[in-house]
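K.L.:
Supplied in structure tokens, the structure appears directly below.
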Amino acid sequence: MEDKEQQDNAKLENNESLKDLGVNVLSQSSLEEKIANDVTNFSNLQSLQQEETRLERSKTALQRYVNKKNHLTRKLNNTTRISVKQNLRDQIKNLQSDDIERVLKDIDDIQSRIKELKEQVDQGAENKGSKEGLQRPGETEKEFLIRTGKITAFGHKAGFSLDTANREYAKNDEQKDEDFEMATEQMVENLTDEDDNLSDQDYQMSGKESEDDEEEENDDKILKELEDLRFRGQPGEAKDDGDELYYQERLKKWVKQRSCGSQRSSDLPEWRRPHPNIPDAKLNSQFKIPGEIYSLLFNYQKTCVQWLYELYQQNCGGIIGDEMGLGKTIQVIAFIAALHHSGLLTGPVLIVCPATVMKQWCNEFQHWWPPLRTVILHSMGSGMASDQKFKMDENDLENLIMNSKPSDFSYEDWKNSTRTKKALESSYHLDKLIDKVVTDGHILITTYVGLRIHSDKLLKVKWQYAVLDEGHKIRNPDSEISLTCKKLKTHNRIILSGTPIQNNLTELWSLFDFIFPGKLGTLPVFQQQFVIPINIGGYANATNIQVQTGYKCAVALRDLISPYLLRRVKADVAKDLPQKKEMVLFCKLTKYQRSKYLEFLHSSDLNQIQNGKRNVLFGIDILRKICNHPDLLDRDTKRHNPDYGDPKRSGKMQVVKQLLLLWHKQGYKALLFTQSRQMLDILEEFISTKDPDLSHLNYLRMDGTTNIKGRQSLVDRFNNESFDVFLLTTRVGGLGVNLTGANRIIIFDPDWNPSTDMQARERAWRIGQKREVSIYRLMVGGSIEEKIYHRQIFKQFLTNRILTDPKQKRFFKIHELHDLFSLGGENGYSTEELNEEVQKHTENLKNSKSEESDDFEQLVNLSGVSKLESFYNGKEKKENSKTEDDRLIEGLLGGESNLETVMSHDSVVNSHAGSSSSNIITKEASRVAIEAVNALRKSRKKITKQYEIGTPTWTGRFGKAGKIRKRDPLKNKLTGSAAILGNITKSQKEASKEARQENYDDGITFARSKEINSNTKTLENIRAYLQKQNNFFSSSVSILNSIGVSLSDKEDVIKVRALLKTIAQFDKERKGWVLDEEFRNNNAS
């Protein structure tokens, strides 16, 4: 009672001291539910409209057939000749069996889908049965168990059992808790004390200032760093095992601690023995996980380890596509440690990852399984300085140059002898590091650029495992890094990626071709057999048979890849994660900010924007800077003034101050994210010197200028020491950074694409977090920030491409500019109905308070706060309600809208229930899918039988495996997709048992022989024209004029472009087409 009274008194005191304004508190749950229902209804209505249009076309076609039948019937009744009567009867019979029955079946299928869509609209498109932990509608038991981490992607149940041979062991909850505590103690003992040896200088940020907003570290920057390394040979500071003495000391310490001084009768080394107090978990007689690791894994992580072993047994790889924060790194390390513990790790392991997480990989290996030798192949690695005995003098260099081949060294090499000597010394260190790992084991860590630079050395090695972290970097099948990765000599390949399927089948092919070369055939075969039917089935004007064929091909493709892709999300498996609350805190403008804002709204610059004479983004950027801090506008002239960045001129900074002081009293740690270093500079001065009230707060800072070598140390300090706030840029918070020491997050200037901010959120709300996490996005009420944010809420459900596709120029329309470039209208909602709905549920958020929640009444009364609104991420909410089947099919079909256009799985099944064997459409859709799979199998056999591992698969431009030398390349290119569609036509003719010469009357049908011949002739004309041009180049207009093709609609443009792409490449710089080399021969046709 006394504690409760003290808490209440503290709340009253805070309210009295902070209370300025009363504001609206808006419920996140009601806002999400209302908008989600609105947009789902909108999407269903759009799908319903497409289906009704398709139904109308089918009814029109039916009426034509009926009229024709009636006409033939009248002629039959009026004629007297027996031969004519028989001919008319045959025509009527064929018309009824081939055309009328087919259209009637189309109408029946379409009406079934329309009925389902209308039911969803009538019910408000409520997602029933999508509660966490429950099986969802349309989901099989196997899909449910895979999604929740109960079974592997191959359908096998968790098969680990505790190895209790020769010991008494009770498998109960109490014993499990003891195992967990002992394993945790073992992990603590495994930690190194390297951070204690770092000086304060390691944590000082660079004083260099940049004119540009922070940009994500790219490959070119890392490439320059590694190229410099080859000549400078700067010693690294990371405590990896490139220093053999360090590894031996660490190994000796671990052996001593783990054995606990007990007598061991076995002759096996310590890493092969079970823990003296924690039993191993064995899957079979060969594969065991060390007890101290197994005890710390979540159930779904144990399932992943078993799945990786199943892949190992099949001599192939897989993709771990778990959502960010579920411990993909730990699952891989646990598996490799189990291989080592079981005596199955007989070769080296290569880890390829972004430079920012190399040290984290090293730390995690040393933490979870210390006996593994882990070496970083980078300037930060200690191996670059571990052997200074090798020094080349001038005489050695001169002898080497004189005795070498002329092509080995140039005159410049001899002239710049110092640089050449350092390069050779550095190369010696690299060779020695690689040889050490290959000879003695175990782990070599490098970057994607490092793999490319040192490919001459790394591609020669026979690796037991190759792991690509952030493996979607190889999604472009023709990029140099993709081809390099696919040359690695190992069958055991693992990709880690939180976004393995991103609505692009070609990218999906590239990833799978790495983990299982040839599984999906060559890229041209894959595109012909799957991409074309799936894409055609997604068109709004697709016929019923095209819709079903596309869906069945997607299902067939899903069945091919699903065993090798493991994808789980937090909502399904991480039941023990604490609650997360996301809110938008709307701040007020200061008087100075308001005057600056209005000044721009009345400026000539805005007039130019509204008249289309200036880029819209120019004005938006100015207003966003004003919302953050108006001094950013005149940074070049004011940054040296003492009052630059004055916190009193920023409403957001005043809110930040009160939040940090409030959380400091409560003992909470906070992460403060902003998008640019300029704003981060202002915030750092604000906390360190500009405001005396904040001077007692301890903080750290990390941005793009922070040396990669020191980033992990900063993270460890923040998690383990008494810091109040960590200042970070949104991007550098980055991949794999674990900041679970914080349970409060402020995103100072949210990105317009909310998914970008998810990286920042996941730093704290992830496995290992024990407390409730609150995330606050700061926006200025009534400003351009709020206006765009509320537009996003609705548009987010319609399509994700608006924000991610640079070709979408229509996001900002001219007629919207007046509303965007205004101040006020703080409601921000698109409809009054939505506003009333939110107001009605205002109290919901207040009632959701827990012991670790912030007092929302207190927050909205902070000085400078206009209102509090729960953050809405509709995409994430809807994603959590999907089955794994939905996610995979959606990715294959190219997005959610296409999935809804095609139909749900239930709709396909139900619409064909009870249909007879004469259902031509269903049979042909299935046949196309089966033939597509068979084509892949045939292509795969050619790849796997004829080529060794490490031979890149033919992509149509690069690669060797599976490439077919064509005698008639033009002809073969033509028959690819046409063959698929032609088979359906052929089967329809067989089903009617009589050949028919009549085309399908609705004009949207599959390829006929006439169309194929027309396309062949067009292609030959295009090739002949380009053959005569200079450099085989011509513009699109010239090509069309020369061959006399008329384009009547968009479909004609798509067809001609598709034909052009088969024999020519588009040159973006010259804006025209260049004929492929294989068609430049006069005999190519």
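Counting starts with 1 at the first residue shown.
Including glycine, each Cβ sits where the backbone N, Cα and C put it.
Swiss-Prot feature annotations, pasted as is:
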type	residues	note
BINDING	Asp322, Glu323, Met324, Gly325, Leu326, Gly327, Lys328, Thr329	ATP binding site
COMPBIAS	128-141	compositional bias 'Basic and acidic residues'
COMPBIAS	210-219	compositional bias 'Acidic residues'
DOMAIN	309-518	domain 'Helicase ATP-binding'
DOMAIN	655-818	domain 'Helicase C-terminal'
MOD_RES	Ser30	phosphoserine
REGION	118-141	region 'Disordered'
REGION	190-219	region 'Disordered'
MOTIF	469-472	motif 'DEGH box'
K.L.:
For each of Asp322, Glu323, count the other CB atoms within 10 A of its CB; which of these binding-site residues has the top count?
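P.N.:
Neighbour-count leader: Asp322.
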K.L.:
Over all shown protein chains, what is the count of other CB atoms within 10 A of the CB belonging to Leu326 (ATP binding site)?
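P.N.:
Looking across every protein chain shown, the total is 25.
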K.L.:
Can you tell me whether DSSP puts Thr329 (ATP binding site) in helix, strand or coil?
P.N.:
helix
K.L.:
What is the number of other Cβ atoms found within 10 Å of the Cβ of Met324 (ATP binding site)?
P.N.:
19
K.L.:
What mean pLDDT does the predicted model reach across the motif 'DEGH box' (469-472)?
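P.N.:
Across the residues of the motif 'DEGH box' (469-472) the model's pLDDT averages 88 on the 0 to 100 scale.
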K.L.:
Below 8 Å Cβ to Cβ and six or more residues apart, same chain only. Which residues does that give for Lys328 (ATP binding site)?
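P.N.:
Expected: Ile320, Asp322, Asp469, Leu496, Gly498.
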K.L.:
Could you tell me how many residues in the motif 'DEGH box' (469-472) are helical, how many are strand and how many are coil under DSSP?
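P.N.:
Helix, strand and coil residues of the motif 'DEGH box' (469-472) number 2 helix, 1 strand, 1 coil.
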